[in-house]
Amino acid sequence: MKKKKIRELLKKIGLYSFLLIGVIISMFPFYWMFIGATNPSGRIFSIPPNLTPGDHFFENLRNLNDTVGIWRVMFNSLSITLLFTLFSVMICSAAGYAFAKYRFKGRNAIFFTLLLAIMIPYHVTLIPLFKLMADLEWLNTYRAVILPHLSYPFAIFLMRQNMKAIPDSLLEAARVDGAGEFRIFFRVVLPTMRPALAAVAIFLFMFQWNNFLWPLVVMNSSDMYTLPVALSSLVGMSRIDYGQIMLGTTLSTLPIMIFFLMLQKQFISGILGGSVKE
Amino acid sequence: MEQSVKPKKKRKFITPKTAPYIFIAPAVLLFVIFTLYPVISSLILSFQRTTGGVTEFAGLANYIRLFNDPLFYKALSNTFIILIIQVPIMLTLAVILAVFMNSALLKMRGFFRVAFFMPAITALVAYAIIFMILLDENYGIVNYMLNLLGFDSIAWLNDPFWAKVSLIIAVTWRWTGYNMVIFLAGLQNISSSLYEAASIDGAGKIRQFFSITLPQLKPIFLFTFVLSTIGTLQLFDEPFILTGGGPNNSTLTISLYLYMNGFRYFDFNYASAIAYVLVIIIAILSWLQMKVVGDKE
């Protein structure tokens, strides 16, 4: 009896220490980033490493604002991300609803084409899209960043999977009551789909907030930079101020971290939705 | 009273017949303009040549140039080396973590799940910068730890071999937790009666892992394998920030090479040819993986 208990205890210790080491490895870079954001550049590279917060937060913020105009950049990132999320959720859920709940000509062919697009590397569209934006004279505008990925195939796919759960009888009942198709969508379908909408919205929000390559290509004046682009411009400078950079990375990570911590259940189920089920 | 009987339906524009088309119209329209058109346009561009502002048909010239371009081969081999080493390491780690996290002995599962998942939500640019600082040859904390343990410092980002290792470490750090969550969901779908039957038959934990857990996870393996392969083949942000493709092009990836040709040398035609080779590689690999890993599924 006792032996068994000891063995169980040892197993537990092994399990927890393995996982704790994993947690330290995955969380330490974040801690390091917060430390760096509050310290002057020099102290980030001191030996032995300095692991305590400093008092340089506001100085770093001032410097960061002098070099990249951080408030403007934050405003760009936030506006682009919010507008993108709002429109993309509407467009993708409407499409997902149609694919899940209507039978119409071409449904399977169109849906299959969309699915195929998930496999196509992002980079293939990069150059023609850039040329298109240049021809339209849309470079350095919000719409150049927002429009191209609004119709996000993965989001359409997730919405369709979720919409399938709505019972047809509910829709029929609404029709018998004389509700039009639009009314049904807005008044019956969307309210019941709130958890799925939240999951997809978080997913799209994260995608756009962290998006780097496309904004890098279309935003070439510094007052239109998004956070990731502004951060990468800091790395390219001749004299790198790491205090500024660490604060910049913190500002780009912290909002998304808080957002994620609040909504992690929905987010994780959003990622898994439809993909893992057999 | 008779008034309450509904008036005869007016011929409406939005009927159950037309509604689905209206619902998909915005998505399809945007998709056609911003995805389908560029995909086709890219293919056409790859068969053209632009000299002095004049664009003309060039046949296979770009592709022939590509197959004689040592830098392209370098980028291709770098990408494949990273793929072959990184993806198996990451998926093995993810499965082990998932199995441990699924253990009945474990409490605070939610905490661990969030902690491991966190790297996957950070901006690529942000984490690449942090890794750049952690891996600094002279002042980085990683070398400091190595020195404490009695090892020599490693020129993480300045040595061709270690630069690749750095990329592999960074990508693994970011995506292991993400895959772990997918595996965890898969594990929770395996019926516990399978394990009960096995332990009655006297199969140990390790035996159970190999003869129940792994086979049952096969579809999930396929899914994560295909996703990781596609992801690795498109690796861009990390080498762009962390190493800029160097030293000596040892971390030049296909995507980075495409970007440089397109937006540094403005050779759109050549870059488009690179993009199409990437498409073909991804298509072949995805198809192969489905053949090998997942029977009929």
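Note: Cβ is positioned from N, Cα and C throughout, glycine not excepted.
For B:76-289, the entry in TrEMBL reads domain 'ABC transmembrane type-1'. Positions annotated as transmembrane segment by TrEMBL: B:21-40, B:80-102, B:114-135, B:161-185, B:217-236, B:268-288.
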Practice problem: Output the single range from B:21-40, B:114-135, B:161-185, B:217-236, B:268-288 maximising the number of Cβ pairs under 8 Å to the transmembrane segment (B:80-102). | Solution: B:161-185
Self-check item: Positions on the same chain near the transmembrane segment (B:268-288), where near means CB under 8 A and six or more residues out
Solution: 42-43, 45-46, 48-50, 58, 62-63, 65-66, 72, 226, 229-230, 233-234, 254-255, 257-259, 261-262
Exercise. Report, as numbers and ranges, every residue of the chain located at least six residues beyond the transmembrane segment (B:161-185) whose Cβ falls under 8 Å of a Cβ in that stretch; write 'none' if there are none.
Key: 78, 81-82, 85-86, 89-91, 93-95, 97-98, 101-102, 113, 115-120, 122, 124, 127-128, 131, 135, 154-155, 217, 220, 223-224, 228, 231-232, 235, 238-239, 242-243, 246-247, 250-251
